[in-house]
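> Mind having a look at this structure? Questions to follow.
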Amino acid sequence: MNSLLMITACLVLIGTVWAKKDGYLVDKTGCKKTCYKLGENDFCNRECKWKHIGGSYGYCYGFGCYCEGMSDSTPTWPLPNKRCGKK
């Protein structure tokens, strides 16, 4: 029983360490980072792969840069308690 509990705890820990998130990049005003060329987009891909973002791939979806594989600390749209362009 103890070994089963220990294995479960290890799996949960591994999942949280390797967890990556997907979402829309936000600019300094809290809005989605805008793009116009839908689908594969060099601008979005470059923005997502920046060192402080840590994403693995980015593309334009719904006129916003959508990133995959970002670190959990990267803010994504919508920001809690903040509307786009409002304080």
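Glycine residues also receive a Cβ, built from the backbone N, Cα and C atoms like all the rest.
Pasting the relevant annotations from Swiss-Prot:
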SIGNAL    1-19  signal peptide
DOMAIN    20-85  domain 'LCN-type CS-alpha/beta'
DISULFID  C31-C84  disulfide bond
DISULFID  C35-C60  disulfide bond
DISULFID  C44-C65  disulfide bond
DISULFID  C48-C67  disulfide bond
MOD_RES   C84  cysteine amide
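Tell me about the setting of these features in this model.
Taking all protein chains in view, 13 other C-beta atoms sit within 10 angstroms of the C-beta of C84 (disulfide bond).
Residue environment of C35 (disulfide bond) contains 22 other Cβ atoms, counted within 10 Å of its Cβ in all protein chains. Reduced to three states, the DSSP call for C35 (disulfide bond) is coil.
Counting every protein chain shown, the number of other Cβ atoms lying within 10 Å of the Cβ of C44 (disulfide bond) is 26.
Long-range Cβ proximity for C48 (disulfide bond), meaning a same-chain Cβ under 8 A and a gap of 6 or more residues, is found for L25, G55, S56, Y57, G58, C65, C67, E68, M70. Classification of C48 (disulfide bond) by DSSP places it within a helix.
Under the three-state DSSP scheme, C84 (disulfide bond) falls in the coil class.
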> Can you check which residues sit near C60 (disulfide bond), meaning Cβ under 8 Å from its Cβ, same chain, 6 or more apart in sequence, and list them in order?
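For C60 (disulfide bond), the qualifying residues are C35, Y36, K37, L38, G39, E40, N41, F43, C44, Y66.
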> Let me know how many other Cβ atoms fall within 10 Å of the Cβ of C65 (disulfide bond).
28
> Among the disulfide-bonded residues C31, C67, point out the residue whose Cβ has the most other Cβ atoms within 10 Å, with all shown protein chains included in the count.
C67
